[in-house]
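Record features, source TrEMBL:
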- 31-50: transmembrane segment (TRANSMEM)
- 34-254: domain 'Cation efflux protein transmembrane' (DOMAIN)
- 62-83: transmembrane segment (TRANSMEM)
- 95-116: transmembrane segment (TRANSMEM)
- 136-154: transmembrane segment (TRANSMEM)
- 200-218: transmembrane segment (TRANSMEM)
- 224-243: transmembrane segment (TRANSMEM)
- 370-390: region 'Disordered' (REGION)
Amino acid sequence: GTIHLFRKSQRSLVGKLTHEFRLVAADRRSWKILLFGAINLICIGFLLMWCSSTNSIALTAYTYLTIFDLFSLVTCLISYWVMMKKPSPVYSFGFERFEVLAVFASTVLAQLGALFILKESAERFLEQPEIHTGRLLVGTFVALFFNLFTMLSIKNKPFAYVSEAASTSWLQEHVADLSRSICGIIPGLSSIFLPRMNPFVLIDIAGALALCITYMLIEINNYFAVDTASAIAIALMTFGTMYPMSVYSGKVLLQTTPPHVIGQLDKLLREVSTLDGVLEVRNEHFWTLGFGTLAGSVHVRIRRDANEQMVLAHVTNRLYTLVSTLTVQIFKDDWIRPTLSSVPIANNILNLSDHHIIPMPSLKAADNLNPVTSTPAKPSSPPPEFSFNTPGKNVSPVILLNTQTKPYGLGFNHGSAPYSSVLNQGLGIPGMGAAQGFRTGFANVPSRYGTNARGQPRP
């Protein structure tokens, strides 16, 4: 066969993923994440076995939070990979949107898990099975300890940014109201309860508290329905916590402008429009490229005598304080002033020879025209009430004399002829009036100004 010396080997998808994973694993910072990921898989395996042995759907809903922790660890690895990769011709803005996509996928999967729990809980209300509490409390504390230890030990940059930038969940709002009430009684706790609480830590503690209440009620009264109620509560808390994050990351993927920077962008654009040489700022578009990264493009129209590089430097300096990835297109004013020609124009261009008349074919028969209004005459219609001396478009063009005033600036003589002389120089209908004429640029004009249809002067 043919030997291709410089042909690149095409890697499969698995080969590409393996290559990128080796690139991430070469960084020592990712070793800690990989270790926590391995421990997470072991905990998930034990928790799923305990969920099956206890027959508790509330513990299953709480185990889904541990699975979400595994997704957050994968997102943290993607964040490290994004920092290692450089922009390429295919991804000219870099790979920051991959971590946005990872956060969006993780939160959406957590919400799908919550919907699955709600569906299973609705079925259990019809036929409530017996719950075994032998390992229910053990599984609760194991999941709580590992979730809190993972959240507090690993610095997950994407989820930390989203939890701060996204709107608060209903669970955070209720806890904030409760914290204000407690701080009103004990002011010393304001430094602990009043700041915005981490939504992941909050849902872990709330889920563990619901499982503890479930364990006590089942042990005391054998009230098995409380397990289903706790599962619904954990699912609703999970859905309410993840939904604002999904909305925020989804808006980033849709390349929308963040609402909190619109006012600052308007202020900067007004400053740019007042720069020396700038005439107009248009086609501006700004969007969120990644978490904390704003990109944008703008067109700037400048004067023809302005310095392009100087204006570009000033515009970039103003917008770079807020927009890190900026594209500015400078173009000069395209308005062109009309100039008058000083070269004399030949007389044969505009002047016509003597008795030169361009005939205009009539559109309709002459016998069908009314001599007063030049409109088709109808036998049954009464005569018009008003008759104007407007022959219309069915008459030949006007013929003016060559002695008419010529416009200045085009090589013609200056001065103007008296108005009375113009009226007495034989402005007439072709074939009936003047013997020498100058044709105007209009074809559909009356045959003679100030005369009637037969060429006679008005009284």
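Keep in mind that glycine also has a Cβ here, set from the backbone N, Cα and C atoms.
It is 136-154 that, among the stretches 95-116, 136-154, 200-218, 224-243, forms the most Cβ pairs under 8 Å with the transmembrane segment (31-50).
Of the ranges 62-83, 95-116, 136-154, 224-243, the one with the most Cβ pairs under 8 Å to the transmembrane segment (200-218) is 136-154. Remote same-chain residues near the transmembrane segment (62-83) are listed as 20, 23-24, 27, 29-30, 33-34, 36-37, 40-41, 43-44, 47-48, 51, 94-96, 98-99, 102-103, 105-106, 109-110, 113-114, 117, 139-140, 143, 146-147, 150-151, 154-159, 200, 203-204, 207-208, 211, 234, 238 (criterion: CB distance under 8 Å, separation of at least six residues from the stretch ends).
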